[in-house]
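Enquirer: The structure follows.
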Amino acid sequence: MAATDDHDTVRAIRWSGEALELLDQRELPARETTLTCADSAAVADAIAAMVVRGAPAIGITAAWGAVLAAREASDRTGWEAHLAHLEAARPTAVNLAWATARMRRVAGEEQPDPERLAAEAEAIHAEDVAANRRMGAIGAEYIQPGSGVLTHCNTGSLATGGFGTALGVIRTAHAAGRLRSIHAGETRPWLQGARLTAWELVADGIPVELIADGAAAFLMASGAVNWVIVGADRVAANGDVANKIGTYSLAVAARHHGVGLMVVAPRSTLDAATPSGADIPVEGRDPEELLACGGHRIAAEGAGAWNPVFDITPASLVDVLVTEAGAVERPDNEGIARILAAPASEEKSP
Ligand SMILES: CSC[C@H]1O[C@H](OP(=O)(O)O)[C@H](O)[C@@H]1O
């Protein structure tokens, strides 16, 4: 199936040649404001504060942070210190470390050349968009006409270089007329679904209905959902998936109701160095992000909160992992290794 037309998707990340311009996702959908990062420390702070978020988008942003760092550093040691600051910004999405490792490979052993690194950052960004369109086409092939889909968090242009991972599959399937309905979980506490996915789909003219996260199993029980389609922040060597908190609950409910679980992630999110989900660092964020909403406290004063922002879905609950190099059904160590070894030239183009 061909990917959808080249309609202009939202660009969350823009390089001006002098600085990195980030659409401030903390302000969406109420305000479209841009934060300009003129140095690598500002980039690290923007990742940590979720000005920009989403595993592939974090990787692309870190790559541009490495370019700014090369302009700032007087030697290799100084550059490495800036990279370490970027890598400490958020722990779960492996794309961040994947991007800085790729920038180190390009830099070699010498003082990094900012212009050479900028070309590599541009390549990473462009490759991500191409991968998303290829994954959109591969994933949409699994969706029978008349299907209902449920997605979680935001995996669109705001979370990637453009077009999206899971949302790229949904965009492609919608364009092919295969979808009866699209539901999106609001995704408490940061509300990526209600604030970001809804904003993207409405802007595309694609109908979407939001649900409370707690309504997902009841929606599946109604028969309205054929596929749960989500992204990932890290896929371990055995196929276990780290993704937005709530994904594991969706996976359990989907298996109970005979609903398929599709995980859509580029190979930059697959991590052969992490044996299983138990080895993936799960980010815990400020409890205030759960105790308040939109800057207003919603919880009783005195109440605390446990706020892990990712969870781990065992590979046994994943029906298909879609990457730009092809799909892995019932992912396991062998399937992950095979997809990572697939030469780019053999990437399936449906
Ligand atoms: C395209 S993967 C996006 C991935 O990142 C999100 O997390 P966050 O918004 O905290 O960066 C969520 O896990 C999505 O699935």
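Note: Cβ is positioned from N, Cα and C throughout, glycine not excepted.
Bear in mind that TrEMBL entries carry predicted annotations, made automatically and left uncurated.
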Enquirer: Please pick, from Gln144, Gln192, the residue that TrEMBL records in the substrate site together with Arg53, Gly54, Ala55, Arg90, Asn243, Lys244.
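Expert: Given Arg53, Gly54, Ala55, Arg90, Asn243, Lys244 bind substrate in TrEMBL, the matching entry from Gln144, Gln192 is Gln192.
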Enquirer: How many other Cβ atoms sit within 10 Å of the Cβ of Gln192 (substrate binding site)?
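Expert: Gln192 (substrate binding site): 27 neighbouring Cβ atoms within 10 Å.
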Enquirer: In the same chain, outside Arg53, Gly54, Ala55, Arg90, Gln192, Asn243, Lys244, whose C-beta lies within 8 angstroms of the Cβ mean position for the substrate site?
Expert: Ile58, Thr92, Ala93, Cys153, Asn154, Ala159, Gly231, Asp233, Val309, Phe310
Enquirer: Identify, in sequence order, the residues in the chain of Asp233 (active site, proton donor) that are 6 or more apart from it along the sequence and have a CB within less than 8 Å of its CB; answer 'none' if there are none.
Expert: Ala55, Thr92, Ala93, Val94, Asn95, Ala242, Asn243, Lys244, Thr269, Phe310
Enquirer: Can you go through the binding-site residues Gly54, Ala55, Arg90 and pick out those with a C-beta less than 6 angstroms from ligand 1?
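Expert: Listed by sequence, the hits are Gly54, Ala55.
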Enquirer: Provide, as an integer number of angstrom, the distance between the C-alpha atoms of Arg53 (substrate binding site) and Cys153 (site 'Transition state stabilizer').
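Expert: On Cα coordinates alone, these residues lie 11 Å apart.
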